[in-house]
Amino acid sequence: MTQRLVVIGNGMAGARTVEEILARNGDFTITMFGDEPYGNYNRIMLSNLLAGVEDEAGIYLNDLSWYADNGITLNAGVRIERIDRFAKVVYATDGTATPYDKLIIATGSSSWTPPIKNIHNPKRGFHQGVFAFRTLDDTRGMIRYARDHERAVVIGGGLLGLEAARGLQNHLSDVTLLHAMGHLMERQLDEKAGHMLQASVENKLGIKVITNAMTTEILGKDRVTGVKLADGTVIPCDVVVIAAGIRPNTQVAADSGLTVERGIVVDDQMRVQDEDDIYSVGECAQHRGNLYGLVAPLWDQAKVLADHITGRDVEAAYTGSKLSTKLKVAGIDVASMGLIAPESDDDEVIIYSEPKKGVYKQLIIRDGALAGAILVGDNSKAAGLIQSFDRAQALPEERAEMLFDIGGPTGEVKPEDMPDDAQVCNCNGVSKGAICGVVNAGCKTVSGVMDSTRAGKGCGTCKPLVQRIVEWAAGGEAEEDPAASWYVPGVPMPKPELMAAIRKYELKSVSSVFEKLVPGGEHDAKSKMGLASLLKMMWADRYVDERDARFINDRVHGNIQKDGTFSVVPQMKGGVTTPAELKRIAEVAEKYNVPMVKLTGGQRIDLLGIPKEQLPAMWADLDMPSGYAYAKSFRTVKTCVGSDFCRFGVGDSTALGIAIEERYQGLEGPGKMKLAVTGCPRNCAEAYVKDLGVVAIDGGKWEIYVGGAAGAHIRKGDLLCTLDSAEEVIRMTGRFLQYYRENANWLERTYSFVPRIGIERIREIVVEDTDGIADALDAAVDEAVQSYKDPWKERAVPATPGQFRTSLPLTVLPQVPVRS
Amino acid sequence: MTIAPISETVLGPVDEIPFGEGRTYAVGPDMIAVFRLRDGSLRAVSAVCPHKGGPLADGQIDNRVVVCPLHLYAWDLATGCSQSGQPPISVYPVRVDDGHIILGD
Ligand SMILES: Cc1cc2nc3c(=O)[nH]c(=O)nc-3n(C[C@H](O)[C@H](O)[C@H](O)COP(=O)(O)OP(=O)(O)OC[C@H]3O[C@@H](n4cnc5c(N)ncnc54)[C@H](O)[C@@H]3O)c2cc1C
Ligand code: HEM
Ligand code: SF4
Ligand code: SF4
Ligand code: FES
């Protein structure tokens, strides 16, 4: 039966919870009460509204039509006074009584007013010229009043106070910030960072800051003329804004007999203590002793509440949130998360300080995980740190990498400093303005924005910048995208779960995966290639190969070019060839009028500009195996000449490179695998920057480096192990590649995969075999090696009708007679 | 959505197109990519990608969209609309009749 759901409070938590309930098809008739006479707007954006970078229309999250469209009765501007929890009725100030079956209290907080003489006016609340900063009405009033005045004082030097001070500068010329504590943002920053921030706020923004400032009195008879501090200082001003903290709105709950301590006490299902039918969510709720004053925890609470109240998952539990904050003041970077000071001698503290530039960075690491971080003056690493902090990810051995971009391009640009037409994605030509446009149109996930603009879908190096722009444009409102953890966008599962399900149901073809594992059985073009690669890896010979699951490159075994022609790169193991082979290539190039013959970076020869229909004949004339220069697979093994010829060589790099390529040729994977073997540490074959690089060292030994890259991203590989023989290197190579194939995300190259897992962990698994899976990895890669077939053999009998038929009029197509 | 009028034309046996793939046909002056969905039905659209001339018949499809192989923009096969702000492609009526691909109506 449809139940009556009443929600008190139409703010960010209340409305979000209702959205989550609707998303779960909850069967309720919903009535909402909100003290404010509006739909639900984004309170966070009030800072931007004050600063003039956002207008009122732009901050609504749910406008009035949303309520109507979803059949919700909204009583905007109606306050609830009392709950009768026995009769299950709520009473409003307008005299109405509304019965409920389930009740949600989401009354949020109000701004707290410190005891200051003359701050109130008995008739009109505040003294004329004094404002709180909490609601749209507060903000409107403040803007209207500030426009006609000169000098403002903001009381409170936390996040809110700083944002208020910065915003007021948009309306008047003189702003002073008073803070009762010794340094700014004392809850998020340590003393050093607080002072550094103060210097930036004063010098860069021109806001005067006074710390240890106890405001005792508001001066002025009918309107504000100044404030007085405890030490007698008088600061003349016309506007006073109070941003001294918030207090949860718990009065109604307390008056109605619910358990209220600092907030309304709730359990892990967000139910009010001892109540079966009353929930509370948002800033007014006290969970496990904690009150939250940021939105991120509210989103998590809303999901759990919705899961529970709709019966979707009655076991769902909210267990608390880890907090991270960023200051939303243009030009002043501040981010903070977790601890701001070490708590024991075992806590590792890393500090970088550059006072002249106003840059301060501190990390606190406990048990190998990030327990806290402070960034002032440089937020370029904030996104990554927040992520490691939230998910307790393994940290890089080189701690400095967490604070700086090492080896990467320097001088990270800030979204706010970029002009709208600045090109962000250099591969697909997407501007900052285009990205912001999509965000403003309501798409607030990074992957959603990437899908609709194609930004970040080329070489991928701009992804962090795209992410920063999305976060900035969304004003801290960027949404975590559940799909970000999925292996492919069209199947809602991360890789380990997906593999388990594929094994459980023995799904051997791409279409069977869609039909079994996607609700509704919807196929997804953009997921096919990743699934094909995964299934081939898992089932080797038993994989049921549906050709349409392949990308065109893999259907015709060449790399598609800009004009629809293809490139032909024959295999040339280790970059070693023979005069006979070269002659054959030369003859083929002449015979087919190949437009360009070029040496590749992978030490082989590329014949470019070949029409699809010529491919089979050309492969036959070449009579060489495919070099796999088009697939997400094992590519080449570059080698140097090594000990056979080189004066410095200490190992036969050429022979080993050829042997490795011989064994692992064509092995598919989640990303390209480019290898090299070099004959001594002079590294002529560039082995340090390969997915897997082998370096001969004196004494007949070989070092293996993994996770290197020298493409758009440059990274030196991590030393995995040192081995005594070429045979061991070949085996270890296969074991590492197999571990990568089984565990990397789709298109995740080793340069991200290795740091994500951590080189120590990889070493434990593949070298030391602490998990006991080394034999299984060896066996799996051996099965894959056995199932290798040279794809260019498909020239004799095409795999599908018209496999090599032209798709564009590069040559005149056979004309079909037109029936009149 | 642009549905291009075209007079009825037999393009050839439907078996020329493997399930889930596309092939290009020249019909008078037009180049048309015909796709055979995994559910057996056909879709016909202009063969040349409006972005930078990519061969759409070489793209991957599902039951809704075709993804151009060159820069991976996607178009709706039924309406021709781009999902990423590109110009639309033309769509043509197409059906199977007695094992043959019939374009137009
Ligand atoms: C200027 C500003 C900037 C901020 N910036 C950030 C930021 O960058 N990042 C961040 O995470 N957080 C930020 N916050 C905090 C964030 O806005 C709050 O955490 C969030 O709005 C809390 O949501 P809520 O639903 O619990 O409370 P609210 O959004 O306050 O909603 C509660 C609603 O209930 C109504 N109500 C109260 N009592 C009753 C009653 N008895 N009957 C009917 N209605 C009632 C209130 O009028 C209000 O509309 C900012 C806040 C402000 C003011
Ligand atoms: C779709 C985009 C890309 C295409 C079409 C492409 C194409 C190619 C081709 C045809 C080769 C020669 C391959 C060979 O000889 O085996 C090559 C080599 C190379 N590419 Fe790309 N590439 C692409 C993306 C990238 C990216 C994203 C990176 C870096 C992250 C990269 C880095 C390299 C490097 C370093 C080489 C030299 C190969 C070697 O030394 O083994 N490429 N690329
Ligand atoms: S070959 Fe590589 S570097 Fe050169 S244009 Fe193409 S993708 Fe860019
Ligand atoms: S890496 Fe060493 S062995 Fe190889 S060519 Fe260079 S100097 Fe010679
Ligand atoms: S040519 Fe089709 S997407 Fe670029």
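Residue numbering: from 1, along the chain as shown.
A Cβ is built for glycine as well, from the same backbone N, Cα and C atoms used for every other residue.
Feature list (source: TrEMBL):
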type	residues	note
BINDING	A:CYS640, A:CYS646, A:CYS680, A:CYS684	[4Fe-4S] cluster binding site
BINDING	A:CYS684	siroheme binding site
DOMAIN	A:4-288	domain 'FAD/NAD(P)-binding'
DOMAIN	A:324-384	domain 'NADH-rubredoxin oxidoreductase C-terminal'
DOMAIN	A:424-471	domain 'BFD-like [2Fe-2S]-binding'
DOMAIN	A:560-623	domain 'Nitrite/Sulfite reductase ferredoxin-like'
DOMAIN	A:632-769	domain 'Nitrite/sulphite reductase 4Fe-4S'
| Counting only pairs at least 6 apart in sequence, do the domain 'Nitrite/sulphite reductase 4Fe-4S' (A:632-769) and the domain 'NADH-rubredoxin oxidoreductase C-terminal' (A:324-384) share 3+ Cβ pairs under 8 Å? | no
| request: Could you check what DSSP calls A:CYS646 ([4Fe-4S] cluster binding site) once collapsed to helix, strand or coil? | output: coil
| message | Can you tell me which recorded stretch out of A:324-384, A:424-471, A:560-623 has the most Cβ pairs within less than 8 Å of the domain 'FAD/NAD(P)-binding' (A:4-288)? | response | A:324-384
| field | Number of other Cβ atoms within 10 Å of the Cβ of A:CYS646 ([4Fe-4S] cluster binding site) across all protein chains | value | 17
| Across all chains shown, how many C-beta atoms besides its own are within 10 angstroms of the C-beta of A:CYS684 ([4Fe-4S] cluster binding site)? | 18
| field | Shell list ([4Fe-4S] cluster; ref centroid = CB of A:CYS640, A:CYS646, A:CYS680, A:CYS684; cutoff 8 A) | value | A:VAL641, A:GLY642, A:PHE648, A:GLY649, A:SER653, A:THR678, A:GLY679, A:ARG682, A:ASN683, A:ALA685
| remark: Residue counts for the domain 'Nitrite/sulphite reductase 4Fe-4S' (A:632-769) under DSSP, helix then strand then coil, are 54 helix, 36 strand, 48 coil
